Amino acid sequence: MEGEIKKLFKVWLSVVASLSYCYFLASKISNGKLRLISLLPIIFLFTILPLQLSYVFPIGLTTLSFSWLGNFKLLLFAFDKGPLSNHNHHPFLHFIIIACLPIRIKENGQYPQIHPTSAPKLPLNWPAKVLLFAIFVSAHDYERFVHPKIVLLVYCCMVYLLIDIIFGMIIGLVRAASGLELEPPSDEPYLSTSLQDFWGRRWNLTVTYLLRHTVYKPVRSFFNDVLGCGWGPLPAVLAAFLVSGLMHELLFYYITPVGPSWEMTGFFVLHGACVAVEIGVKRVFSGRVQLHPAVSTPLTVGFVVGTAMWLFFPPLTRTGAVEKAMEEIKAVLDFSEVIKRCILKSNHVGG
């Protein structure tokens, strides 16, 4: 573990040095091809950074934050777009935070909340999610007594909880340290009324925002000229989901590392095709046919969970990635319990 901490420290040093170059030097180059060329060494470095690490969670967070989101932000920055485009108005520290963390900043209304006037419909605040996740982790030792499909269903819940817990903790720390106004990581995806609603407005909103601007919009612009504005968005949707699938394959290759089975890419391509069909059907019927949320929500969430159990999780369970992740989580929980006892003991002695 000590060796992994040293590796993480080196990774973060290289990231800060790279982003310093971007902020002080690359930003002075005119946006477009020249700035993109100047950023290519940084993009390459960010892509290979996870290879320096050994544990599941450091690899996963490094891949997500730098190899995926960080590189996408730099691609947009090359053309003076995206969250880093206002670099002249950002202090250096804010530029570093925005570039390397999986957060989405609200600025002058540029990043509006999805449902700004609605309160959460279910009382799953951050502490409740932590408690529920801890219960699932504690129950992991008994999974051999449970039907495999139930285990996969629990894994689906754990992925949602884990992403919201980690992102929520990062958002809380960034707000406290910098005062930046940030968007939540997700918006109650378990209440989605369609796949378009789930992927476009509720699930993992930072990733959604970056895919929309790095993949969806450029591809849509191209196909609008070929197919017309009515049907141009359909291949753009497929392209965004394909890129998402490939980035997930890269992420889990770094974690395992085992050659891709392409099941994960298949999961996202399938969902991209279904979202494209949804868009086409809505356009044909012009919104005249609409299911009640009591029907559409179970159908949507059931389809997401069912296809995840079929295509998303098997590559992770086969390679032992889930077991490694569980061991690391339990080690963190055990360590936090030791720290808690030491604090309580010191307070008792001091009292």
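Using the three backbone atoms N, Cα and C, a Cβ is placed for every residue, glycine included.
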Using TrEMBL as the reference, determine which range in 1-19, 267-285 is annotated transmembrane segment. 267-285
When you get a sec, could you say which of 222-244, 291-313 is annotated transmembrane segment by TrEMBL? 291-313
Residue distribution over DSSP helix, strand and coil in the domain 'Wax synthase' (186-269): 64 helix, 0 strand, 20 coil
Counting only CB pairs under 8 A, let me know which of 36-53, 150-174, 291-313 has the most with the transmembrane segment (267-285). 291-313
Averaging the per-residue pLDDT over the domain 'Wax synthase' (186-269), what integer do you get? 93
